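For reference, Swiss-Prot has these:
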type: REPEAT; residues: 7-46; note: repeat 'WD 1'
type: REPEAT; residues: 51-92; note: repeat 'WD 2'
type: REPEAT; residues: 96-139; note: repeat 'WD 3'
type: REPEAT; residues: 142-197; note: repeat 'WD 4'
type: REPEAT; residues: 204-246; note: repeat 'WD 5'
type: REPEAT; residues: 253-292; note: repeat 'WD 6'
Amino acid sequence: MVTIGNTHDDLIHDAVLDYYGKRLATCSSDKTIKIFEIDGDNHKLVETLRGHEGPVWQVSWAHPKFGSIIASASYDGKVFIWREENGRWTNIAQHQHNASVNSVVWAPQEYGPLLLCASSDGNVSVVEFKEGGNCEATTFAAHDVGANSASWAPPAVSGSLIQPINGKASNNIRIVTGGCDNLVKIWKYDPSSKTYVIEETLSGHKDWVRDVAWSSSVLSKSYIASASQDKTVIVWTQEGNQPWKKKLLQDIPFPDVVWKVSWSLSGNVLAVSGGDNKVTLWKENLTGEWESAGVVEE
């Protein structure tokens with residue numbers, strides 16, 4: 001286990017390992033991003049990235065096939081794209097929203113170098129990063145009061161272990177968003193209009209949806225988890241083209257606001273974290289019920 005000490009001057013909001021688990025990016029209310037090299041239980045700070053004018057909420061590593069690249073999202077309404085070359089990190093591109101950018105995540109590599117952003121201005125944007133630092137954004141209104149989180153669907157369809165035929169993943173892109181309207185929304189890319197159109201609106205929460213996560217599992221069902229300020233987590237499932245079904249992760253509310261949901265790489269274990277400073281792990285049993293798989297206390 002690697003413990004990062006007092007390297008930031010304020011709260012740390014996100015910490016993400018790169019594809020190989022060799023580098024860690026952290027971001028903080030001190031307006032900086034820090035890059036660490038990880039070697040076993042040891043770590044070394046190698047770079048501090050500055051430029052944001054507000055708290056940095058989230059960071060995301062691009063797949064290494066696109067280079068050594070991270071994106072950062074900040075309260076200042078900006079998304080920065082940073083690239084490392086010859087040991088030096090530089091800010092190579094920027095993307096602007098009209099309010100805090102709360103979520104930023106690179107797409108699965110099959111979709112290409114696409115960046116998904118959710119903002120308090122109510123909009124969600126998908127930014128295509130091009131060589132030379134140029135970016136082309138598709139922006140659409142998603143949640144009237146503000147968008148808090150967004151997540152990519154896996155590139156293969158549920159029920160299949162293969163990728164889309166002819167590799168045309170761009171024709172099958174779907175995303176899920178969560179917002180301050182208490183709703184979870186599923187969007188699909190429409191090649192004819194070159195934008196994202198609403199495919200499904202899922203209602204079930206009674207307060208802001210703080211986080212959404214689409215499981216990478218491509219077996220019999222699609223899974224989406226949503227975490228809310230109403231102290232609940234809902235797992236939404238879909239088999240084939242059937243309607244989405246909702247199920248509370250547990251019948252009683254969590255002790256505090258639920259801030260974050262995250263699926264394991266295999267897509268079958270769900271981690272839940274909230275205001276009670278605990279991380280709980282959950283797994284679906286053979287009857288479709290969700291059972292506790294452990295607790296991590298801070």
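Think of each number as a place in line: the chain as shown, counted from 1.
Glycine is no exception: its Cβ is also placed from the backbone N, Cα and C atoms.
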Beyond a gap of at least 6 residues from its ends, the CB atoms lying under 8 Å from the repeat 'WD 2' (51-92) belong to 10-11, 13-14, 16-20, 25-29, 31-33, 35, 98-106, 108-109, 113, 115, 117, 119, 121, 127, 129, 133, 135
DSSP composition of the repeat 'WD 2' (51-92), residue counts helix/strand/coil, works out to 3 helix, 25 strand, 14 coil
